[in-house]
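Taking it in order: structure first as structure tokens, then the write-up.
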């Protein structure tokens, strides 16, 4: 005989816990497991701090040094470099946009190839998944160093680095979106004599495109931040100028460049979040 399972709401559980605290209290075995897990995690944390030479005195002296640097950064001042920095800002946005777009174009077919419900061949599915995992395992900064060596300094290396990393990450997200879609429209098209191409075109794409567009906007927002970081190793944009000003100790220019980055990211985040919510059918942002 199967047992009926009753699911209680949070309000009902709260009332029961108030009326019968001993009934919902964790058992001694559960308490012991929680304490054991907490003790293991605490031990790992203490060992890690010890092995990594964690020192509160060093933190205190570092904060004092940080305060000295902050005083050197005030007020932010671009000097005579403002036109150059504005051009670099546009370059950073171009790196993020073109890198994200190129990565998405390549990731789109790979997202379908990596989905189990599209490619039933286990070996092909495994090969595509491992390819995405391998590329995704290398950080954008490493890709930037590689492409700076291959194609030289400049924004082209940054575009390739952002595109390569975005391809693998978006490919994985695309494949998960395809695997999570409702199979009924696809099965309905196939049952009425539709081809596999028609099943993808009319059964899958209408479901996954809003999700893919939302993910694409989020990655553009993320890549706008990342494009400044890859620029530090010579891949163009604001990051390249930031590294140069740090080397020559021009701290007021450094603070101005950081301020430009913060404003850029804030504006992109504001626009991107509203576009994403409009795409997935939200009429307003929840607080």
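Cβ from N, Cα, C; glycine included.
The range from 66-92, 93-119 that TrEMBL describes as transmembrane segment is residues 93-119. As annotated in TrEMBL, transmembrane segment covers the listed stretch 34-52 rather than the other ranges in 15-33, 34-52. When each of 34-52, 140-163, 254-272 is scored by its Cβ pairs under 8 Å to the transmembrane segment (93-119), the top-ranked stretch turns out to be 140-163. Sequence-distant contacts of the transmembrane segment (254-272), counting only residues of its own chain at least 6 positions beyond either end whose CB sits under 8 Å from a CB of the stretch, comprise 73-78, 85, 89, 92-93, 217-218, 220-221, 224-225, 228, 238, 241-242, 245-246.
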